[in-house]
Amino acid sequence: MASRVESAAWRALQAHQQEIAPLQMRQLFAEDSARFERFSLRWQGMLCDYSKHRITARTMELLLDLARSAEIEAARNAMMQGQPINLTEKRAVLHTALRKPQSVPFAVDGQNVAADVAEVLAQMEGCCNRIISGEWVGYTGKAMTDIVNIGIGGSDLGPYMVTEALRPFAHGKLNVHFVSNVDGTHLSETLKKLNPETTLFIVASKTFTTQETLSNAMSARAWFLQCAVDAAHIAKHFVAVSTNRAKVVEFGIDEANMFRFWDWVGGRYSLWSSIGLSIAMYLGFEKFRQLLAGAYAMDEHFCSAPLESNMPVIMAMLGIWYSNFFGCTSHAVIPYDQYLHRFPAYLQQLDMESNGKRVTRDGTVVDYATGAVIWGEPGTNSQHAFFQLLHQGTQIIPADFILPLKTQNPIGAHHDMLASNCFAQTEALMKGKSEEEVERELVAAGADAATIAALLPHKVFPGNRPTTTLLLDELNPFTLGSLIALYEHKVFVQGIVWNINSFDQWGVELGKQLANVILPELQASSNAAAHDSSTNALINAYRAQRYC
């Protein structure tokens, strides 16, 4: 297949970028009073304002031409139909099937996927109801008060983010904790707060062999048995989300408390599956269903809306515009809601593990940029940390601003202040402040000519910095589900345009392989000598401190 950069659509965008580069957004707004209406979308309690981008109507036409030339709609349909679009692992990509209503039949290769999903959801619901009601008791007859999810990557980031985001919707009968890092500090600090008599552990590992997860699970098991003593009690305090029945049973978990999921669910898309058990326990199962319903609603929008009014497609193509035609290498996500403080970290895995690829689907090294670096922190904290670089740095960094219109905590004028900061930042990034404006300000403040000359270059803001603003009527289980699915589909569209496989993650493997080599060397009786001089020296410095 010819490189994307050789296509007519790509070349047209390259030429257009040269034409549009000198344009200032403040000029575009001044010339078009309907610019916001022209470049914004409303959908089910969500507003996407993309008018503060370096685009014209012609830009969007050309970007959508590129999307069509990449056959976005055919690729989308292939994913939704369960075709094995994960080519390197020969797997379907069906996380969207997890959130379909049970009344919607769905089969792949003769397998009734809808029935399989319904069966696991029913198992999850039954378990959640028993835990929440207090029917499920531990080895001393006490009900559970704390849930500890032990997982890593997609088995941690998604559930952790969702439970933090939806904390106001929790039923309040259970505390939830997450342990992911193999650093013993993470587990130790968590266990200090807990009573083994009232703690339930969820061990989330598809293979039940993941090093970090199994190390933490075994240490949690040992901690539990210090009090419970009898290994038979493990079945009352540990459940598993896995497909490895033999390993689960060997650990001491009752097979009836193993919640399965499927190869067609990638880790970073797995919160909708039984990996979301901690979410369902913390919120209650009805709220978990609302989360699924919100994601399904976005799936339907993605599948049915024309490209011109398709929110995931628009956001994806704007990302392509900056990555491939402006040379931008990173993208900031700024949620103006403290409950979404883990959302940027969740998106890091979703986006960077999906689209951080250097070869096309047929194995050819790409000759264009692919995945961007995703990063961010909540506003207004971020304004006092890294917004200096966004406003006056040498890099153009597109940013998404996310704000729920309704707050869950209406304290005084706090939410008004939060919203005013959000809107002000997008305006400031777009407009900037010219030399003339700075000079007028300084003159009005009584500055003399020398002071003005000295300060002027430091106080100029170039502006023309692009942002998308997403307004949610409210952050709740439904809208959060929609928001997550919006970004999932954005990432998918970009992967198709870049002609890469967004659903494998071979880059995770090499470091794990080498760690398995180095681990016994750390514990060996002699110094390491089999690596490069740097790695040998680091291993030996560790050994000298820990073992010598």
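Just so you know, glycine gets a Cβ as well, placed from its N, Cα and C.
Keep in mind it's a predicted model, so treat the numbers as computed, not measured.
Annotated features, as they stand in Swiss-Prot:
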ACT_SITE  E353  active site, proton donor
ACT_SITE  H384  active site
ACT_SITE  K512  active site
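Mapped onto this structure are the features recorded in Swiss-Prot.
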| residue | record | DSSP class |
| --- | --- | --- |
| E353 | active site, proton donor | helix |
| H384 | active site | helix |
| K512 | active site | helix |
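Neighbour count (other Cβ atoms within 10 Å of the Cβ, all protein chains): 22 for the residue listed as 'active site, proton donor'.
In this structure, the CA atom of the residue listed as 'active site, proton donor' is 29 Å away from the CA atom of H384 (active site). The CA atom of H384 (active site) is located 37 Å away from the CA atom of K512 (active site). Using a 10 Å radius centred on the Cβ of H384 (active site) and all shown protein chains, the other Cβ atoms total 10.
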